């Protein structure tokens with residue numbers, strides 16, 4: 001049976017083959033909705049709704065694998081990466097996940113700054129909104145001191161706000177239900193080009209945050225499972241799968257509300273038309289943000305709130321801003337816990353949540369303040385969209401390790417991935433990697449100066465090299481013996497680095 005843990009956990013033998021190794025005590029669980037819509041993807045038509053649907057399905061598959069790994073082995077993904085990957089790939093992998101966490105926190109800072117700007121009718125400048133996010137950091141830590149239940153209640157409150165606010169926008173916009181269903185279940189995108197590719201990659205990055213895969217593998221450890229009994233392990237896996245399905249369904253509905261509203265409001269809308277709509281509304285002061293030309297409106301989270309207010313009244317703008325604020329606060333909570341688990345798992349370095357959130361927020365605020373002070377709103381909102389793409393680009397560094405270790409029978413025993421699961425997840429992962437690679441190649445010609453090519457080339461080599469290494473070890477774990485090198489037999493036989501080196505030394 002699954003039950004809440006007592007403060008002191010009694011060590012007992014686990015069902016997974018590596019679970020008898022020492023593991024840090026699990027932390028309290030902040031929330032189980034780890035993939036909930038923390039970022040808002042905004043395409044301008046319903047053509048990409050099918051990307052949202054399948055990204056959510058992929059998110060469920062990833063969350064299922066992460067939970068199963070944690071339940072069976074008693075260890076999170078970061079800890080198992082520490083056991084099996086050599087030092088250099090392990091450090092590089094840790095850095096990529098830390099980059100994803102900082103990128104996610106930057107999005108929280110951007111969303112919060114824009115929401116304060118909208119709620120104050122522009123009286124709070126963007127840089128002021130960025131600095132205000134320091135306060136919400138301490139508010140989160142304040143709640144954390146009052147225990148897990150208070151934190152979960154606050155997270156539930158944020159989720160409710162998001163559902164109500166974005167649901168309100170959906171009702172007042174009244175999008176076409178026929179177009180909605182067609183966009184969801186008929187994968188197509190006629191006439192799409194690089195902007196739509198950017199949106200599609202951003203949707204995947206907004207739905208599946210790489211660090212959340214590491215987080216969810218750790219959260220399941222906050223429940224006591226008797227790993228000596230196969231029935232209890234199987235029951236726990238089903239329990240967490242059901243829980244993840246419910247959470248992702250809520251996430252999907254919230255994202256669907258947002259994307260459907262903007263597909264309705266912005267489809268084939270020109271900047272001139274948007275300017276005229278706002279100029280003839282009670283929010284005429286905002287009309288100047290739209291250039292007076294015939295180009296199609298390029299929607300971001302700031303312009304999105306403005307045009308909603310111009311079309312449906314000021315209430316729609318303020319409700320959008322409140323929903324944006326709630327989405328940002330949920331990101332702070334999950335990012336803090338993910339950062340702590342990742343640091344402890346990869347580096348065996350224990351920091352307090354206060355120190356961890358202070359480090360992450362400091363790294364996120366500096367570049368965001370610089371953009372807010374020296375650039376304009378469009379650059380800040382555009383930065384948010386690029387950060388969504390960054391999350392998608394970093395996704396292989398979470399999905400490839402989880403596919404590797406959940407496919408190793410020596411680690412997962414009878415709960416290792418079956419052949420059908422391996423084929424489906426591997427094909428999806430190959431597709432994601434191919435799309436990311438195509439995006440990187442197509443993005444190169446748009447670089448503002450040739451001097452950037454050298455830096456981008458170095459980053460691309462490092463990115464492709466680490467991805468290739470992770471894919472190689474994943475193939476070994478899937479049974480490709482012909483790829484096995486003597487130094488990496490652990491991925492075939494499930495021997496942690498220390499144990500393999502010990503055997504080689506004694507031999």
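All positions are counted from 1 along the displayed chain.
Backbone N, Cα and C define each Cβ position, glycine as well.
From a predicted model like this one, the values you see are computed outputs, not experimental measurements.
Taken from Swiss-Prot, the feature compositional bias 'Polar residues' applies to 8-22.
What Swiss-Prot records for 280 (among others) is N-linked glycosylation site. In the three-state DSSP reading, residue 280 (N-linked glycosylation site) counts as coil. Counting only same-chain residues at least 6 apart in sequence, none has a Cβ under 8 Å from the Cβ of residue 280 (N-linked glycosylation site).
Taking the Cβ of residue 294 (N-linked glycosylation site) as reference, residues of its chain lying under 8 Å away and at least six apart in sequence are, in sequence order, 270, 271, 272. In the three-state DSSP assignment, the secondary structure recorded for residue 294 (N-linked glycosylation site) is coil. The N-linked glycosylation site annotation in Swiss-Prot covers 294 (among others) and rests on sequence analysis.
Feature annotation from Swiss-Prot assigns region 'Disordered' to 1-36.
Per Swiss-Prot, the feature topological domain 'Cytoplasmic' maps to 1-39 (among others).
Annotation comment: Swiss-Prot describes 61-123 (among others) as topological domain 'Extracellular'.
Marked as topological domain 'Cytoplasmic' by Swiss-Prot: 145-152 (among others). Mean pLDDT for the topological domain 'Cytoplasmic' (145-152) in the predicted structure: 68.
Among the features that Swiss-Prot reports, topological domain 'Extracellular' is placed at 174-199 (among others). As a summary of secondary structure, the topological domain 'Extracellular' (174-199) carries 15 helix, 0 strand, 11 coil according to DSSP.
Taken from Swiss-Prot, the feature topological domain 'Cytoplasmic' covers 221-245 (among others).
Among the features that Swiss-Prot reports, topological domain 'Extracellular' is placed at 267-305 (among others), with the record citing sequence analysis.
What Swiss-Prot records for 327-353 (among others) is topological domain 'Cytoplasmic', and it gives sequence analysis as the kind of evidence. Residue counts for the topological domain 'Cytoplasmic' (327-353) under DSSP, helix first, then strand, then coil, are 22 helix, 0 strand, 5 coil.
Summarising the annotation, Swiss-Prot assigns topological domain 'Extracellular' to 375-391 (among others).
Annotation comment: Swiss-Prot describes 413-422 (among others) as topological domain 'Cytoplasmic', evidence class sequence analysis.
Annotation source Swiss-Prot lists topological domain 'Extracellular' at 444-451 (among others).
Per Swiss-Prot, the feature topological domain 'Cytoplasmic' maps to 473-507 (among others).
If you look up Swiss-Prot, you'll see 40-60 (among others) marked as transmembrane segment.
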Requested in this report: Please work out whether the transmembrane segment (200-220) lies in contact with the transmembrane segment (423-443), by counting C-beta pairs under 8 angstroms that are 6 or more apart in sequence and asking whether there are at least 3.
Outcome: yes
Query raised in the report: Hey, does the transmembrane segment (153-173) touch the transmembrane segment (306-326), meaning at least 3 C-beta pairs closer than 8 angstroms, sequence gap 6 or more?
Result: yes
